[in-house]
Amino acid sequence: MKSFPILNEEQTDSLVVNTLQWSLANGLVMYPPNFQQYSADNAPISLFPTPIPKSSFEDAINIQQTYNELYSNVITKDKKWLVQNIEQLSRFDKDFTGKLFDIYKTLINENGKVPQPLSLGIFRSDYMIHEADNNQIKQIEFNTVSVSFGGLSTKVNQLHNYLNKSGAYDTDYSYKYYDDAEIPISSSIDDIAKALSIGNYYYNGEVENDKTVVLFIVQPNERNSFDQRHIEYSLINNFGLKSVRLTLEEVSDKTTVNSNKLYLKQTMDEISVVYYRSGYAPTDYVSEECWKARLHLENNVAIKCPSILTQLAGAKKIQQILTNKQVLETFLPDLSETELEKVLSTFVKIYPLDDSEEGKIAKQLIKTDPGNFVLKPQREGGGNNIYKEDIPSFLEKLEEKDWGAYILMELITPPIHKNKLLRNDQIFEEDIISELGVFGTILFDESKGDIKYNETSGFLLRSKFSSSNEGGVAAGFGCVDGVYLY
Ligand code: ADP
Ligand code: MG
């Protein structure tokens, strides 16, 4: 493994200027808090790519299509099982899971089925490398809704590639420090755009049609809009498709349903795909109007990315249940024993917190060994977990019957590196740990179960100070990084 490039002060200063100007020139940017539309900052990034064992990286890439298939099967193969599990979660979490599930039930009650059986998934499976276990990849979580940083990931890889090629990583300003193949560029921008175009194609009965448009549902005052914009620009440049952005609050004013099809009122453009980059957290539904908007978006034949069931299948509770070999086998019946073991090897121990035998073990572990665990509620978007010694006192405040809303997960201990992180123009040189995400895209028939499209769609590395528990880049305590494969 090569060490990080060692640059003197002058070289570092010029590296920072190169980095900032490349970032601004190429859209590796994010809005600051309280922003004006005209002014963005360079995104928090690493100055150098972070070392990742090549074999771990390849394992994560190679398993993605199986994971896509697994989650498709979870949604299609035994609906009763999924619905029962979600119903249970709804009881603990009436105001969010419950309300999403209510929308699903309304659709079924009104139509006997969801109006559009085709479901588009843009997924991201997140891992850390477990140093104590032979550098094996271990899954943090599987995301089925609003996965972000497909845009900025490609950009940070391009930046590192540029810095490397231009000699900025070399003490003599002349040589490439890394071989090109050691610092790959994520294809996520174009691959995610392609998935949206595939959604458009299937919406139109497997016919190319550039008259229908993709609707991005976004958060008001989204700071990470450039991440999404890169995908929109690829969609129009590479696939000839227009996209439109609306917040949940704008939906009822600006869209209308006619003969079960969703249209933009102003242009009467027909919407083929509704792509949710909002709607994954309770805070996205600031009013009843937003919940109405969600139902309105669901109750027509536009393809949803993701459908309600696909979103709910990404619950951490479902991930916990899937770590059981028998359960996993039922959803991946065609896998060989070796392939099944491969999937199982990506799991760390995850316990339920209910009255089952496993639940009892978990409750014991919380008393004797909380330091090895993280407690997770059924939420997305960062900042929701409870760590280590905080777990017992947190649970004490709840009634034990409500503990079932949480899962208890073994902590993964990834290798630590001393990369340099850049926020604005400030360099932080600290111990960092990294989380590798692999994007996957899939189009499947929610009622029949057949998979029409299933691809691995690039990757993302996020790094954070090893001292901070969480790594949300947009939330402000992490950065977008690149991989150096060794
Ligand atoms: P969210 O849906 O909020 O993103 P995650 O499950 O991804 O929830 O957890 C948030 C962060 O917490 C992760 O990005 C990671 O930094 C940390 N984390 C979660 N699970 C583990 C684990 N088992 N071991 C170590 N760190 C973890
Ligand atoms: Mg996460």
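Here the Cβ of each residue, glycine as well, is placed from N, Cα and C on the backbone.
TrEMBL labels come from automatic prediction, so no person has curated them.
Take the Mg(2+) site that TrEMBL assigns to Glu141, Asn143: the candidate from Glu380, Glu389, Glu396, Glu399 listed for it is Glu380.
A gap of 5 Å separates the Cα atoms of Asn143 (Mg(2+) binding site) and Arg124 (substrate binding site). Here the Cα atom of Ser278 (substrate binding site) is found 19 Å from that of Glu141 (ATP binding site).
DSSP labels the residues of the domain 'Glutathione synthase substrate-binding' (212-313) in these numbers: 42 helix, 27 strand, 33 coil.
A Cβ distance below 6 Å to any atom of ligand 2 is met, among the binding-site residues Glu141, Ser146, Ser148, Glu380, Gly383, Lys464, by Glu141. Cβ neighbour count within 10 Å across all protein chains ranks Pro377 highest among the binding-site residues Pro377, Gly383.
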